[in-house]
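Asker: Marked as domain 'G-protein coupled receptors family 1 profile' by TrEMBL: 44-357. What TrEMBL records for 20-40, 61-82, 102-127, 148-174, 205-226, 297-321, 341-360 is transmembrane segment.
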Amino acid sequence: MADTNNTNVHINGDWINDTASYFISVIVLQLSIKVPGRVFGMVTNIMSLVTFCRSGLSDGISVCFMALTLSDKLCLLSYLLASILGYLDLEVRVKPYIDLYYVSYIFPFFGLLFYNISTSITVFLAIQKCCCISLPWNFKSYFSKRRCVAAVCCIYLSGFILYVPFTATAFPFVEAFDLTTNSTRLTFAWSAVYLRDVFPVLKSINYISIPFIAEILVLISTVVLATKLKESVKFRDSMSGKTITTRTSGNRYCSPSLLIHSPETSNFSTHSVTPKYKIKNYKAQPMTTKELRATQAVNVVAILFVVSNSPDVIVYLASLLSPKFSAFGLYHNTYKLCIELQDLLHVCNLSVNLFIYLKFNTKFYKTFKALILQSG
């Protein structure tokens, strides 16, 4: 998401001047596009949450999708509140005792917390479906609904444990005299401990480690998922109508791969069979429509994540390689514009999951349609 620790630095030489940067970044992108986009995203995510609650959480995938929807909604809400408070202070000139502009700096920290939770859940979903295809016979035992609930709870808990210390040290509120209002107001100043010790760790985690690791894991899982999906469908289709040997009569060789997954033949030798056995048709279970649609939904979510996360990786790599392209460098306005554009991609990514669920989840679609008809 957007770097929440940028400050206004006035350095000459950037091809975008400060006036143009403010107009494009704040007026156009933040207020005119992203604020309505976040409102729209909150509405769609609330509708998704209500639909999930009505349709029931029957499996682990539904649990993960609902948890993802919740974190997306909270992320959008945090950044929306930050934008509103900043607008009230800078544009409407609302100046209460508590400085709204500095309060607006707090909410993006929580937005980043929930965005990282969404990222972790997306990675978990991609790995989960990857294992579903790679280990089709053991999927339910490895990723049961109970284990998915436990995994989601651990992701949320880990996020809060990581962020609470950072937030507590970042915002020490103090009273200070404000020349613009000629009064004493409650504001905050970045603590020396935060700038020296906390911020470098926070930046390395949120802007380098998590985006890079998540990008690699989701990309690998998506490639493996696509490959294994083709192999699994081909294998299961080819197994339809195959015959295996069972315990009564007949003398027929049975493939070891069939014996491994057949309860009726688990005790038999694959090299010789006594003439007391008969032939029985065995149809391998092809992937159901529900499994295919769930896999397609996870694929779309993973692809959208890669599309929205890749600019983060590129921008922060560029800032590491060229210090001039950074929040405090020569091209700080260009850097800020890139941050705003990549944040716009995140807003789009966080707002469209409702339509993915409607497209690929038949039960979700029917429940959603019933809710709309009832409300009408």
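Note: Cβ is positioned from N, Cα and C throughout, glycine not excepted.
On a predicted model such as this, the values are computed, not experimentally measured, just so you know.
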Asker: Given a Cβ distance threshold of under 8 angstroms, which distant residues of the chain, six or more beyond its ends, lie next to the transmembrane segment (102-127)?
Answerer: 1-2, 4, 61, 64-65, 67-68, 71-72, 74-76, 78-79, 81-86, 89, 151-152, 155-156, 158-160, 162-163, 166-167, 170-171, 187-188, 206, 210-211, 214, 217-218, 221-222, 225, 298, 301-302, 305, 309, 346, 350
Asker: If you average the pLDDT over the domain 'G-protein coupled receptors family 1 profile' (44-357), what number do you get?
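Answerer: Averaged over the domain 'G-protein coupled receptors family 1 profile' (44-357), the predicted model reaches a pLDDT of 78.
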Asker: So if I exclude everything within five residues of the ends of the transmembrane segment (297-321), which remaining residues of that chain have a CB under 8 angstroms from its CBs? That is, six or more out.
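Answerer: Result: 61, 65, 68, 119, 122, 125-126, 128-129, 207-208, 211-212, 214-215, 218-219, 221-222, 225-226, 329, 335, 338-339, 341-342, 345-346, 348-349, 352-353, 356-357, 359-361.
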Asker: Looking only at residues six or more beyond either end of the transmembrane segment (20-40), which have a C-beta under 8 A from one in the stretch?
Answerer: 14, 76-77, 79-80, 83-84, 87, 90, 333, 336-337, 340-341, 343-344, 347-348, 351
Asker: Taking residues 6+ outside the transmembrane segment (61-82), which of them lie with a CB under 8 Å of any CB in it?
Answerer: 1-2, 34-35, 38-39, 41-42, 45-46, 48-49, 52, 55, 104-108, 110-111, 113-115, 117-118, 121-122, 124-125, 128-129, 145, 148-149, 151-152, 155-156, 294, 297-298, 301, 347, 350-351, 353, 357
